[in-house]
Amino acid sequence: MSQALKINSSSEPYSDLPQICTRLLEAKAQKGRCYICFLTMAIDHDEVWVAALFYGQAKATPEELAKLGELLDIPANNLQAELGEHWFPRRGLGPVPPQDPLIYRLFEGVLVYGTPIKALIHEKFGDGIMSMIDCKVSVDRKENPKGDRVVLTFDGKFLPYLKW
């Protein structure tokens with residue numbers, strides 16, 4: 001007999017999420033699914049977007065919520081009631097600076113390399129920003145004899161500043 005997975009919804013980062021998000025995460029784990037499985041089986045989004053949805057950082061369409069409900073055996077009306085048209089993500093989880101070691105290292109990377117990256121973007125594109133709204137993010141693994149490498153790609157649309 002398998003024991004149902006239970007997430008402690010009072011601990012970070014779950015305490016800041018809608019309850020349905022912890023239910024999605026529990027159902028995903030109980031079904032033995034991975035985010036890439038949802039990409040290929042149900043929703044026309046990349047795995048990072050699907051993970052963002054599970055953590056309340058992205059907004060799904062009613063059709064996407066229905067597909068998730070089918071895959072995870074969660075009634076679609078429950079998903080619609082909690083994550084439907086009336087709900088909007090509260091983006092950005094956790095304290096600043098982050099306490100989680102991995103998230104802190106990403107934060108540190110932006111602190112160390114943010115200004116040089118900005119200078120390179122301005123040099124190559126002009127005065128503007130990279131959109132995080134129209135952005136694809138991927139996480140890949142690259143084998144290396146000294147230890148496998150994490151490859152993060154932010155593929156964002158360049159938006160020039162308006163000239164007044």
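Each position is counted from 1, following the chain as shown.
Placed from the backbone N, Cα and C atoms, the Cβ positions cover glycine too.
Here's what TrEMBL has on this protein:
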- 92-164: domain 'Cyanate lyase C-terminal' (DOMAIN)
- R105: active site (ACT_SITE)
- E108: active site (ACT_SITE)
- S131: active site (ACT_SITE)
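Annotated features taken from TrEMBL, shown on the structure.
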| residue | record | Cβ contacts under 8 Å, 6 or more apart |
| --- | --- | --- |
| R105 | active site | none |
| E108 | active site | none |
| S131 | active site | G156, K157, F158, L159 |
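In terms of DSSP secondary structure, the domain 'Cyanate lyase C-terminal' (92-164) contains 25 helix, 27 strand, 21 coil. Averaged across the domain 'Cyanate lyase C-terminal' (92-164), pLDDT for the predicted model comes to 92.
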